[in-house]
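Some features that TrEMBL has for this protein:
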type: BINDING; residues: Gly23, Leu24, Asp25, Asn26, Ala27, Gly28, Lys29, Thr30, Gly69, Asn125, Lys126, Gln127, Asp128; note: GTP binding site
type: BINDING; residues: Thr30, Thr47; note: Mg(2+) binding site
Amino acid sequence: IPNLPNSCISAFSSTEHKVIIVGLDNAGKTTILYQFLMNEVVHTSPTIGSNVEEIVVKKTHFLMWDIGGQETLRSAWNSYYSNTEFVILVVDSTDRERLTVMKEELYKMLAHEELRNAAVLVFANKQDVKNSMTAAEISGLLTLTSIKDHPWHIQGCCALTGEGLPAGLDWMRSKIKAN
Ligand SMILES: Nc1nc2c(ncn2[C@@H]2O[C@H](COP(=O)(O)OP(=O)(O)OP(=O)(O)O)[C@@H](O)[C@H]2O)c(=O)[nH]1
Ligand SMILES: [Mg+2]
């Protein structure tokens with residue numbers, strides 16, 4: 001295909017791994033997406049619908065869908081599920097009150113047929129805030145060890161500084177190589 005620029009050819013020839021970024025409103029999903037893309041904190045407003053970006057990490061291509069988390073939007077999450085390889089669940093580690101709601105949404109999602117092959121990365125976000133729940137605490141409250149039918153991993157992070165985000169991406173890449 002002589003007339004295509006190299007960038008197009010590489011886009012066609014590399015496999016793209018579909019990722020959905022979900023979680024309650026205000027968890028930091030959009031902030032994380034743009035940290036991945038630009039290593040910068042962008043000004044966000046609540047997402048209505050979704051944002052989608054291609055994120056390339058050491059030659060691994062991810063197509064990441066950041067989906068709005070407000071209550072009225074959650075019933076639409078399932079329209080993004082088909083062919084999803086990774087679910088990134090972003091938890092606001094300061095939001096103790098809504099962790100039960102988060103847990104219900106998580107298990108509802110994991111029961112969905114279209115996500116049966118998806119691996120789950122949980123980001124315990126906002127670790128910079130004093131007295132936020134630790135990743136271990138969130139893992140316990142969400143009973144992550146009870147998840148037997150999906151590979152899962154939890155990672156503490158701060159989307160404002162980017163701390164913890166590369167470690168999460170490394171885990172995702174390790175799951176691809178393991179396949
Ligand atoms: N302190 C702190 N604030 C954060 C962090 N990550 C995100 N925020 C803030 O949390 C607020 C919500 O962030 P968003 O990324 O818009 O949240 P969202 O999950 O996309 O929300 P919806 O689109 O409504 O579902 C913003 O004011 C962010 O600046 C973090 O790690 N620490
Ligand atoms: Mg958003």
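Glycine residues also receive a Cβ, built from the backbone N, Cα and C atoms like all the rest.
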Residues near Lys29 (GTP binding site) by Cβ (under 8 Å) yet at least 6 apart in sequence within the same chain, in sequence order, are Ile21, Val22, Gly23, Thr47, Asp66, Ile67, Gly69, Ile88, Val90
Site diameter for GTP, Å, by largest Cα distance between Gly23, Leu24, Asp25, Asn26, Ala27, Gly28, Lys29, Thr30, Gly69, Asn125, Lys126, Gln127, Asp128 | 22
Ranked by the number of other Cβ atoms within 10 Å of their own Cβ, which of the binding-site residues Asp25, Asp128 ranks first?
-> Asp25
For Gly23 (GTP binding site), just count the other CB atoms lying within 10 A of its CB, please.
-> 26
Cβ density check for Thr30 (Mg(2+) binding site), other Cβ within 10 Å (all protein chains) comes to 23
Which three-state DSSP class does Lys126 (GTP binding site) fall into?
-> coil
In terms of DSSP three-state secondary structure, what is the assignment for Lys29 (GTP binding site)?
-> helix
Could you give the Cα-Cα distance between Asp128 (GTP binding site) and Thr30 (Mg(2+) binding site), in whole Å?
-> 17
Counting only residues 6+ apart in the same chain, whose Cβ is under 8 Å from the Cβ of Ala27 (GTP binding site)?
-> Gly69, Val90, Val91, Asp92, Asp95, Asn125
